[in-house]
Each structure stands twice: as structure tokens, then as C-alpha cells.
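Noted in TrEMBL for the protein shown:
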TRANSMEM  B:12-32  transmembrane segment
TRANSMEM  B:67-86  transmembrane segment
TRANSMEM  B:93-115  transmembrane segment
TRANSMEM  B:150-176  transmembrane segment
TRANSMEM  B:207-225  transmembrane segment
TRANSMEM  B:237-253  transmembrane segment
TRANSMEM  B:258-277  transmembrane segment
TRANSMEM  B:283-306  transmembrane segment
Amino acid sequence: MKVLLATALSALISLGTARAAEITPAIVYDMGGKFDKSFNEGVHKGGQDFARSSGIAVREFEPQNDTQREQALRNFARRGQNPIIAVGFNQASAVKTVAAEFPQIRFVIIDSVVEGPNVESVLFREEQGSYLAGLIAALKSSTGKVGFIGGMDVPLIRRFACGYVQGAKAGNPKIEVLQNMTGSTPTAWNDPVRGAELARSQIERGADVIFHAAGATGNGVLQAAADAGKFGIGVDSNQNHLHPGSVLTSMVKQLDVATRTTLEAARDGSWKAGKQVLGLAEDGVGLAFDENNASVVTPEMRRRIDQAKVDIIAGRVAVHDYMSNNSCPN
Amino acid sequence: MTEALDILLPVLGATLRLATPLLLAALAGLFSERAGIVDVGLEGKMLVGAFAAAATAAVTGDVLPGVLAAVAASCLLGMVHAYGCITLRGSQVVSGMAINIIASGLTATLALAWFGMGGQTPALPAAARFLPLDLPGADALADVPVLGRIYASLIGGQTMLVYLALLLVPVSAFVLARTRFGLRLRAAGEHPAAVDTAGVSVARLRYAGVLIASVLCGIAGAYVATAQGAGFQRDMIAGRGYIALAAMILGGWRPGRILLTCLLFGLLDAVAIRLQGAVLPGIGAFPVQAIQALPYLLTVVLLAGFMGRAIPPRASGQPYVKER
């Protein structure tokens with residue numbers, strides 16, 4: 001009898017905790033795939049962190065082509081997965097459609113804005129982080145030329161480029177910034193060979209620090225920079241470890257933190273629809289410093305970066321956002 | 001003069017690097033189509049080659065086993081194509097597309113299963129890659145004004161596979177035009193019944209053509225993964241197989257002209273990279289997309305009959321059926 005009671009009691013307790021944690025999260029990644037060592041991987045890490053600490057399984061889907069996004073979102077919604085995280089601006093239209101079809105399910109879109117009573121839009125102030133990347137690139141460069149290589153030519157990536165140029169100019173007013181975009185289709189996120197070729201062309205023209213915002217294409221950029229004895233700057237996730245000593249730093253978007261936070265909010269019932277903008281002030285973006293790049297970053301650079309960060313947060317330095325008017329002052 | 005060289009040499013060097021995978025794959029298509037088997041599966045065979053090369057090189061830490069594995073994997077896939085097209089007399093285009101789709105899915109799946117990095121292979125160390133070769137005497141010639149630099153950074157400073165690809169052009173031309181095997185191979189693509197009448201097996205010749213094509217595609221894939229790149233990534237061939245197909249058609253199924261077309265495509269790509277963002281007087285920002293579309297555009301124009309004529313081997317695409 002006692003045993004029975006105890007069993008019943010424990011069953012009740014576990015039922016109780018199960019109810020408090022009654023979310024069934026799912027993530028639909030962007031084309032780069034969840035192990036792109038960059039953007040998607042940040043979200044993946046956040047999902048895994050959440051799964052480990054909460055014991056709740058996080059379902060995932062990696063689309064192989066554009067048409068699968070909407071199907072994947074709808075499939076997850078139909079199975080009652082809730083919340084559903086859509087990674088990347090490419091999914092905006094799919095989220096808009098599917099979120100309207102399933103008003104009782106919570107959607108999260110990263111890197112784009114979708115209006116809706118059940119959609120949370122997580123945005124990062126890439127221009128602020130890129131500004132710091134440009135600043136450190138200009139301080140490191142001995143040739144007076146730095147490079148930028150973007151993935152697909154879209155306003156979001158232009159925002160990276162624009163912030164980077166402003167930061168570089170702040171570090172060295174006479175700096176020359178070489179810019180390339182990999183392409184104009186989603187394959188531009190997945191072409192490391194082209195990334196390497198673009199990086200080589202910039203190095204041949206004198207660039208000695210190259211910042212990429214190109215997903216998996218950027219692996220080729222960092223490789224080419226390391227091969228030539230120059231510096232690359234990683235993006236989205238901390239990529240300093242890919243080529244220790246040759247990756248100057250990484251412009252990190254705290255995708256893992258953002259993902260975990262929103263999942264925890266959904267679990268705890270504090271999740272809210274609407275726009276959430278993460279900038280330097282919220283620690284949503286920043287530069288990565290660890291043992292892999294300790295030898296190539298001087299204390300003076302760190303000081304300048306910290307100062308710029310304080311100035312931006314305090315509003316003494318305004319970084320222009322390309323997407324506010326689709327143009328860059330420089 | 002030196003300034004002109006500063007601009008010209010990197011562009012020409014990039015042209016060679018970018019043209020090499022196209023050249024290898026286009027020669028592959030040449031051998032296959034000359035034997036009468038249309039090969040739209042170049043892309044897929046290059047992709048498995050790239051994956052096999054990167055995976056083997058990552059495990060063994062050596063680049064040569066990688067190339068062998070690439071050739072083996074590409075041949076395996078090529079033989080599937082050959083069996084479907086020659087023995088079973090299936091549609092060659094459908095089979096080729098199937099090859100591409102299989103390759104895209106299979107490589108990503110195997111990479112995920114073996115390396116757990118989401119369809120990538122680990123980044124390769126220097127020993128597991130083809131590195132640029134320094135030609136002997138480059139240092140001694142460095143002081144010679146113009147030639148020294150050309151010798152060091154254009155003729156030299158390329159990876160081994162670049163030289164191999166260039167060497168294969170005259171070899172292919174010789175084999176196809178001057179050897180008994182080459183003549184029979186071409187006959188199998190032009191008039192298979194005549195080959196049959198002469199008592200030579202059409203099927204065997206066509207298998208040989210596809211096999212040679214597979215070997216070349218494997219090398220092309222290995223080049224992309226271990227010379228241009230440093231590891232495999234999902235769908236990393238990124239349409240180069242199709243561009244090679246276009247180069248083969250524009251090159252009129254002839255090795256020499258294929259070389260020129262591939263170099264032209266490589267040059268266009270190299271120039272496009274460098275002109276990106278440049279502002280031209282009167283036009284505004286340089287239209288890079290237009291240059292990237294040019295290979296396809298040229299092919300369509302050629303096929304539409306606006307410039308010259310594209311005459312494929314007469315029996316290519318048709319399964320050979322012995323008459324009774």
C-alpha cells in the first residue's frame with residue numbers, strides 16, 4: 001500500500017513538473033545547415049543548452065531548398081510543436097503565412113520582423129558589432145586596407161558591411177575597405193571555394209584583415225586568410241578556434257543566449273510576441289576574445305574596443321543602420 | 001609596366017585556378033559524349049569526388065589517397081550511370097539528373113554520419129591538401145624583370161592538378177584523333193552500327209568513355225575539395241558541373257576549343273570578382289550578376305543558332321540497339 005501510494009505520489013509530482021514544462025519546441029534552420037560553425041550553429045547550441053538543462057527535446061529541421069521552409073513550419077505546427085523558431089530572414093514570408101494559419105502556436109523569427117499576435121521577432125544590431133569588427137581590423141591592418149566578404153547580397157548583409165566600414169574609418173580615417181558579395185542566390189551561403197577566391201583577390205590587392213558575413217562560405221575566407229598569413233574575422237558564432245592565431249576575432253551574435261532565453265520564457269509563461277532588438281547594450285552582439293586570439297590582440301586594441309562600446313551604448317557614437325534607409329553614408 | 005603586371009598576374013593566376021575544375025569536368029563530358037553517352041551527371045560525380053577526397057584526406061592526413069578515393073567514388077557512380085544508360089538503355093538525361101540528386105543527398109548524409117559536423121568534413125591540414133608548387137629556379141629568375149614574375153606566380157605557384165588538367169588537353173586531343181581506341185570511341189558516338197559491323201563492341205566502348213569521364217570528374221572533385229578548398233561542404237560544387245557542360249558545348253566537343261572556353265569562363269569569373277562594386281562611368285555599379293550569367297547565356301545563344309552551330313556527336317543520347 002505504502003509503495004503504491006509512493007508511486008502514485010511520484011507519478012503525480014512528475015505530472016506536475018511535466019505540465020509546467022509543457023512546451024514542445026522546434027527549430028527550422030536556414031540553408032547553411034545547423035553545423036555551419038556560424039549563424040545556424042549558434043541557434044543549434046542554444047537549443048541544445050536548453051534541452052540539456054530542461055530535459056525537453058528540441059526538434060529540428062534543416063531545409064534543403066527554399067520550398068521546404070513553409071512545409072517544415074506547417075508540419076511542425078500541425079504536430080503541435082510550440083514554440084517554433086524560424087532561423088534567418090529568408091523564412092519571413094513562410095512564417096507570416098504559417099503563423100496566420102496557426103494562431104494558437106507561438107512563432108519566433110530570427111533576423112527579420114514578422115508582424116503578428118503570435119510572432120516574436122528577434123533582431124540583432126549587427127551594425128554595432130560590425131562597427132567594432134571594423135575598428136579592430138583598422139587597428140590591426142598594417143597595409144591600410146581591410147576587406148569585407150558578404151554572403152548573399154541582401155540588406156541584412158549590407159548592414160554588416162556598412163557598420164564595418166564606419167568602424168574601420170573610426171580606427172583609421174584613411175583606411176580603404178574592399179568589399180565583395182559572394183552571390184545573389186542562397187547558394188552564396190555555401191560556396192567556400194568562391195569565398196576563398198574572393199579572399200585571395202582582396203589579399204592580392206593589399207587587404208590584410210578580412211571580415212566575412214557569409215555563413216559556410218566564410219570557412220573558405222578564413223582558410224584563405226590563414227593560408228596567406230593574414231587575418232580573418234569570424235561572424236555570428238565564435239570562430240576564433242578555426243585557425244588559432246589567424247582569426248583576429250569574431251563578431252558574435254549571441255544567438256545561443258537569445259534562443260535559450262526565448263525557449264525558457266516560453267516554458268515559464270513569460271513569452272511575449274513582438275520585436276526584441278539585441279544590441280551592444282543588451283550584450284546581444286560583441287567581439288569574441290579567448291585564448292585563441294590572445295596573442296594577436298594587443299591591450300591597446302582591447303582598450304579602444306571597450307571605449308567604442310561604451311560610447312555606442314551611451315549614444316556618443318551613432319552607428320548608422322543600413323536597413324533604416326537602405327543606404328550607407330560612406 | 002610593373003603596375004600592369006600587379007593587376008594582370010593575379011587575374012591570370014585566378015583564371016587558371018578557376019578554369020581547372022571546369023576543364024577537367026568538360027574533358028570528362030567530352031569523353032562520355034564522344035562515346036555517345038550524354039552526361040549531365042558531371043556535377044554529381046564531382047561532388048562525390050570532392051566528398052571522398054576530403055573525407056579520405058581528413059582520415060589519412062595525406063592528399064594522394066584522397067585523390068584515389070575520389071576517382072574510385074566517382075567511377076562507382078559513373079558505372080551506375082553507364083549500367084542504366086548502356087545495358088538497360090534508359091534515358092541518359094534522366095539518369096544523369098538522378099546521379100546529381102543522389103550525390104547531393106548521399107554526400108551530406110554520409111558526412112553527417114561519419115563526421116557529425118552537419119554535412120561537412122573537418123578542415124584539412126596542409127599535408128592533406130594540394131599546395132601551390134614553387135617551380136625550380138623561380139628564385140634565380142626573380143630578378144629578371146617581367147619574365148621572372150610571370151614564371152614565379154603564373155607559370156609556377158599553381159597546384160599540381162592545374163598542370164595535370166592542362167596536360168590532359170593535348171593528351172585528350174591525341175587520344176581522340178590519333179589512336180585506334182579514340183577513333184573507335186568517336187565512331188561509337190557517331191555511328192554505332194558501323195562499329196558493330198566491324199565486330200567491335202559498342203557497349204564496351206561506351207563503358208570505357210563513361211569510365212574515363214568518371215576518372216576525370218573524380219580528379220575535378222578532388223581539386224575543388226583539396227586544392228581550391230580545404231574540406232568538403234554540402235553541395236560545394238555549386239553548379240560548376242553545369243558550367244563545364246556549357247563549356248563543352250561551346251567548345252564544340254573539341255579539346256582545344258574546350259580549353260579556350262574554360263579559360264574564358266575562368267577569366268570572366270576572375271574579372272567579375274575584382275570588378276565587383278567598381279563604378280563604371282555611364283553604367284554605375286558594375287553588373288556582376290550579368291557576368292556570372294554569361295556562360296549560360298552564351299550557351300543558349302549558341303544552341304539557338306545565333307553564332308556558329310553546336311553539332312553534338314550524332315548518336316549521343318541514343319541507346320544503341322542491335323538490329324536483328
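Using N, Cα and C of the backbone, Cβ positions are placed for all residues, glycine too.
If you count C-beta pairs under 8 angstroms between the transmembrane segment (B:207-225) and each of B:12-32, B:258-277, B:283-306, the highest count goes to B:12-32. Note: the stretches the transmembrane segment (B:258-277) and the transmembrane segment (B:67-86) are not in contact (fewer than 3 CB pairs below 8 A, sequence gap of 6 or more). Remote same-chain residues near the transmembrane segment (B:150-176) are listed as 5, 9-10, 12-13, 16-17, 20, 23-24, 27, 30-31, 34, 130-135, 137-138, 141-142, 144, 182, 185-186, 216, 219, 222-223, 227, 254-256, 258-259 (criterion: CB distance under 8 Å, separation of at least six residues from the stretch ends). Same-chain residues lying 6 or more positions outside the transmembrane segment (B:12-32) and placing a CB less than 8 Å from one of its CB atoms are 38-39, 42, 45-46, 153-154, 157-159, 161-162, 165-166, 168-169, 172, 176, 185, 209-210, 212-217, 219-220, 223-224, 227-228, 240-241, 243-245, 247-248, 251, 253, 255, 258-259, 261-263, 265-267, 269-270, 273.
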